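Enquirer: A single structure is presented below for examination.
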Amino acid sequence: MTIAIGKSEQKRGWFDLLDDWLRRDRFVFVGWSGLLLLPCAYFALGGFLTGITFVSSWYTHGLASSFLEGCNFLTAAVSTPPNSMGHSLLFLWGPEAQGDFTRWCQLGGLWTFVALHGAFGLIGFMLRQFEIARSVKIRPYNAIAFSAPIAVFVSVFLIYPLGQSGWFFAPSFGVAAIFRFILFFQGFHNWTLNPFHMMGVAGVLGAALLCAIHGATVENTLFEDGDGANTFRAFNPTQAEETYSMVTANRFWSQIFGVAFSNKRWLHFFMLFVPVTGLWMSALGVVGLALNLRAYDFVSQEIRAAEDPEFETFYTKNILLNEGIRAWMAAQDQPHEKLVFPEEVLPRGNAL
């Protein structure tokens, strides 16, 4: 009689087989997150390239916006749908386009296509970082950090227009189109004086400063200079081993500033914290603008400036500039309103 000791092999189902295939070690990792990331990224990029190459914005903005119409890579864009479409998702098979691809493009359907697939593609990329971090057994701080640009994208391209009258007021996907949106934000929301924008700027520029300082410091202490040191020694090292020293770096910055990071974990957490928090705060500010919340309005200065021609501050000057942006921009930017301003109400500078 034969006695078998041990557990019988469990029958593997389709889920286990799919899990094995998705998470197999290959040149480009797919994973479960890839089921969301790869198709969404493909469609978002494909829709964007199709839009800037072939699709006009004549029916939505009264503009030329494609290479086919003579735009270059700075002025081409995938434009938002017209204001009359409201917050329609503009499905190709929906009541607006009714399955007609040409009409769908004319109505701005590519914008919602790119925006929604782009948002899910970014989320898929964050999930990819979670998944690979779990596989190689490291902490998921990369994914947490990547949530910051996702928050900015979702707040600017989705939440803000949802708070306004339609997708029309979101940024179009293009370089010059984004610049137009920035001017719009300043003129209509006084965005640069918003404390959340200030925190965002402090976070991004502070992160750039920290990155430059950190890179230079590590490069400075990575190799030990001998008598033959010169400016380009760091790029042509002759040492067998690196000589990086946190203690030396700490001594250097203690002498420069009087303070320095005491350990690597605190230093690198701070480099993570500054830009991520700045972007999160900026995204929160844009959500506020979606609800048309105002930030700093120094009404007392505006009243005094209106009463006293000799009283002016940089704030009151900026308020006048914002009024100029609105007056000059609105008629061109919102053709559906059919705005006509009499010549005498349009502000003109000395050069005009």
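Cβ from N, Cα, C; glycine included.
Here's the feature list from Swiss-Prot:
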MOD_RES   Thr2  N-acetylthreonine
MOD_RES   Thr2  phosphothreonine
TRANSMEM  40-60  transmembrane segment
TRANSMEM  124-140  transmembrane segment
BINDING   Gln129, Asn142  pheophytin a binding site
TRANSMEM  152-165  transmembrane segment
BINDING   His197  chlorophyll a PD2 binding site
TRANSMEM  207-227  transmembrane segment
BINDING   His214, His268  Fe cation binding site
BINDING   His214, Phe261  plastoquinone binding site
TRANSMEM  278-294  transmembrane segment
Enquirer: Taking Gln129 (pheophytin a binding site) as the reference, which of His197, His214, Phe261, His268 (the binding-site residues) have a CA within 10 A of its CA?
Expert: none
Enquirer: Note down the number of other Cβ atoms within 10 Å of the Cβ of His214 (Fe cation binding site), including every protein chain shown.
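Expert: Other Cβ atoms found within 10 Å: 16.
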Enquirer: Which residue, of the binding-site residues His197, His268, has its CB surrounded by the fewest other CB atoms within 10 A?
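Expert: If we count Cβ atoms within 10 Å for the binding-site residues His197, His268, the smallest count is at His268.
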Enquirer: Work out how many Å separate Phe261 (plastoquinone binding site) and His197 (chlorophyll a PD2 binding site) at their Cα atoms, rounded off.
Expert: 28
Enquirer: How long is the line from the C-alpha of the residue listed as 'chlorophyll a PD2 binding site' to the C-alpha of Asn142 (pheophytin a binding site), rounded to the nearest angstrom?
Expert: 24
Enquirer: Are there any residues in the same chain, six or more apart in sequence, whose C-beta is under 8 angstroms from the C-beta of Asn142 (pheophytin a binding site), and if so which?
Expert: Gln129, Ala133
Enquirer: Within 10 Å of the Cβ of Gln129 (pheophytin a binding site), how many other Cβ atoms can be counted across all chains shown?
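Expert: Around the Cβ of Gln129 (pheophytin a binding site), 18 other Cβ atoms lie within 10 Å.
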Enquirer: Counting across all protein chains shown, how many other Cβ atoms sit within 10 Å of the Cβ of Phe261 (plastoquinone binding site)?
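Expert: Its Cβ has 19 other Cβ atoms within 10 Å.
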